[in-house]
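Features as listed in TrEMBL:
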type     : residues  : note
TRANSMEM : B:66-87   : transmembrane segment
TRANSMEM : B:107-124 : transmembrane segment
TRANSMEM : B:144-162 : transmembrane segment
TRANSMEM : B:174-192 : transmembrane segment
TRANSMEM : B:218-237 : transmembrane segment
TRANSMEM : B:258-277 : transmembrane segment
TRANSMEM : B:307-335 : transmembrane segment
TRANSMEM : B:347-367 : transmembrane segment
TRANSMEM : B:373-395 : transmembrane segment
TRANSMEM : B:402-427 : transmembrane segment
TRANSMEM : B:439-457 : transmembrane segment
């Protein structure tokens, strides 16, 4: 009870003193004491890179998660691409007005196929590169965390 | 005019002569920035088909043909998202290298080698054919002279030097081709303006410039098949992969691909305009592949017309020489290393084989439009290497037997269709369309066979697949065990 009532500054010392197996007066040197539980929580026994190297179950889970995120991203870009590219001929087939419509004096099919689609590709590529690098950063943070 | 040709050939020849002094793959290129690297990829990639063929096909068949350049550019987007970084990280230097690294099998490696050689020959053949065409347009020489000239220049350069062009020279080739097409176009458009900006004829405006109406039978099927071949075939071209090796790591490989997309997009804005102007000013051309060369003299004429023709011709020869030499080195390397015994002697024989076979094909085969034949090379690549790369990179259960079966069935069917189209024909109706654009059926078959056979042979999944996946997908800055596979040096 008396230890709890003591001031903040003296608290740590008193707690140490209480856990020490010997009476305070007989300890010649100080030993740093930390709780084993917090240490266990902070640092796993193996770093994740070692789990991957040794191909343990845990390492496998890490690798699968990386592959899945990257593949999902790739699949997303490919789906959008297939939608746009695969959709255009159908669109031209089903909506005849679109074939002959003008955009700033240029027929729409020409404006799209000979011009606008290229900046579209670059935009898609830029998005992919940004996301893929972000995924890799997250993976690196995950496996290097200690 | 002869002066023009000599100058053009010399520019191209000197371009590749510089190059052979350094084998940059081992030294300099590892520090090359993405822009230079991307320019080099563009310089090697933009062949006669892009420089001459696209405008010609647009002139003949109208807006549907614009899918070719769209696919040749979009193929890099598919390559970027599905294979670029893992391919660089694999450390593979050629496609057979990748096959060996991933599937741990020499049989798969050899099969891949044979396919690389076939695709390379198929791609080289139209380069030689259009060289002959260009020379005939400019000087009136017989068709075989130009092809022979380019073949000899390429062979001599490769033989005397060995290694391929340094990045800087190939990068220069891209900017040369862009200039050679862009500068004359500015003058052509000015001439068109001062001519009162004539429009297309009423008939052309109703059919030629409208999609799915002009030119070819089974337009919808052909369009989709073309899209599939070009979007998926780019990743399987032998001379493209080698350039990825010059990136320092997977991240740089991605960034390089992003720049490549921008450069190709900028270039492909031009041929469509040439095709469109050609439809107004030169609708009577028989071999439409020459439209890019004919327009300056027809629309402008005089000395300026001659100078512009010279510029375009120089660009065309740059296109033949850079693409052909890149392909020849890739093909010769594979022949020497995997099909002959290896070493310098083998490389010499291999170079001769790499050049002579497509030259013979170019002389005897039916003269198809250059961009069409290159399209067939893409179809073979899309039905063989695309499944191998995509499944190899993303699917652990791909088995050695499955990969082999897919390569043989997909590549075999596509090659058969191509052979029939080039040597026989032209065929009419559905058969003709299916043979001329095989990708729409061969690509799904190749994927299906690879997956199905892999499921049937789970015991033939390579033992080191987990380690290989770590190697392919983890960023290089992580300290991980990636196995000790290295490409064999030739």
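Even glycines carry a Cβ here, placed using N, Cα and C.
Away from its own ends, the transmembrane segment (B:258-277) comes close to residues 34-35, 37-39, 41-42, 45-46, 50-51, 54-59, 65-66, 69-70, 72-73, 76-77, 80, 174, 177-178, 181-182, 185, 188-189, 192, 200, 209, 291-292, 295, 299 of its chain (Cβ-Cβ under 8 Å, at least six residues beyond either end). Panel annotation: around the transmembrane segment (B:347-367), residues 117, 120-122, 124-129, 132, 144, 147-148, 151, 154-155, 158-159, 162, 287, 327-328, 331-336, 339-340, 422-423, 425-426, 490 of the same chain, lying at least six beyond its termini, place a Cβ under 8 Å from a Cβ of the stretch. Among the stretches B:66-87, B:307-335, B:373-395, B:439-457, the one making the largest number of Cβ pairs under 8 Å with the transmembrane segment (B:107-124) is B:307-335. Within the chain carrying the transmembrane segment (B:439-457), a Cβ under 8 angstroms from the stretch's Cβ atoms is held by residues 221, 224-226, 228-229, 232-233, 378-379, 382-384, 386-388, 391, 395, 397-403, 405-407, 409-411, 413-414, 417, all 6 or more beyond its ends. Touching of the transmembrane segment (B:307-335) and the transmembrane segment (B:144-162) is concluded from the presence of at least three CB pairs under 8 A, sequence neighbours closer than 6 excluded. Away from its own ends, the transmembrane segment (B:402-427) comes close to residues 99, 103, 105, 107-108, 111-112, 115, 118, 122, 361, 365-366, 368, 373, 376, 379-380, 382-384, 387-388, 391-392, 434-436, 438-439, 441-443, 445-447, 449-457, 460 of its chain (Cβ-Cβ under 8 Å, at least six residues beyond either end). In this chain, the transmembrane segment (B:144-162) does not touch the transmembrane segment (B:373-395); fewer than three CB pairs sit within less than 8 A of each other, excluding pairs fewer than 6 residues apart.
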